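Below is one structure, written out as structure tokens; the observations come after it.
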């Protein structure tokens, strides 16, 4: 929203990011169906040679997964201390505890971590579903989606491009599901289904929840606001609703962290 400057362009950016991600997912699904191998590293080995697969795997092990897990755990710690009213200095210890707990859960095996991931996914979708439904039923702000306008100093293309870069980051991580290919009963079918259906569902949720935010809060209150979900739920459901959504955010971050750890552990293997 900060890059595009309008509700219509923001929704367009989320749709474009979803379409690009789904097209990427279709490409990877075709490779997964043709090759009975385990993950993007082996896809690169087969397509471009071992050196590129090695470099990709090395980057994932030393930078990508550690950075993602650390960043998500830090966000969890920061949100948790606000919710619990703890000193800000304790967020680092909470973040470290989250990483340690997830490590122990993943040590129990794929079934335990996958089961936890499924439960968290269902639970965290409930507050988002409620926000979407109540925002559509009881809109408090008129949202104009046509014509598509961009309020950016760099022009239409710059605004859309910058917004798209941020939106694509929200889809980050789907390709690491390929690291679990060898642990699936029928990876040629199941992997493609998981990627395409998962990305399609995520796209729909992102578009609807952003529309819901804009139907509840004035657009200028959304721009640059890191707590949009909290304030939207506060307006719809009161103080209790704001806290419940914060819990949902914590679960979402926790689930994302678990997802990266679940798939990242398979990279060296």
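Placement of Cβ uses the backbone N, Cα and C atoms for every residue, glycine included.
Ranges compared are 191-213, 214-236, and TrEMBL records transmembrane segment for 191-213. Between the stretches 49-73, 149-173, TrEMBL puts its transmembrane segment entry on 49-73. With pairs at least 6 apart in sequence, the transmembrane segment (12-37) and the transmembrane segment (93-112) have fewer than 3 Cβ pairs within the 8 Å limit; the two do not touch. When Cβ distances are compared across the two stretches, the transmembrane segment (119-137) makes contact with the transmembrane segment (245-265), since 3 or more pairs at least 6 residues apart fall below 8 angstroms. Highest Cβ pair count under 8 Å relative to the transmembrane segment (12-37), across stretches 49-73, 191-213, 245-265: 191-213. Beyond its flanks by at least six residues, the transmembrane segment (49-73) meets 40-43, 95-96, 98-99, 102, 172-173, 253, 256-257, 260-261, 264, 267-268 of its own chain at Cβ-Cβ distances under 8 Å.
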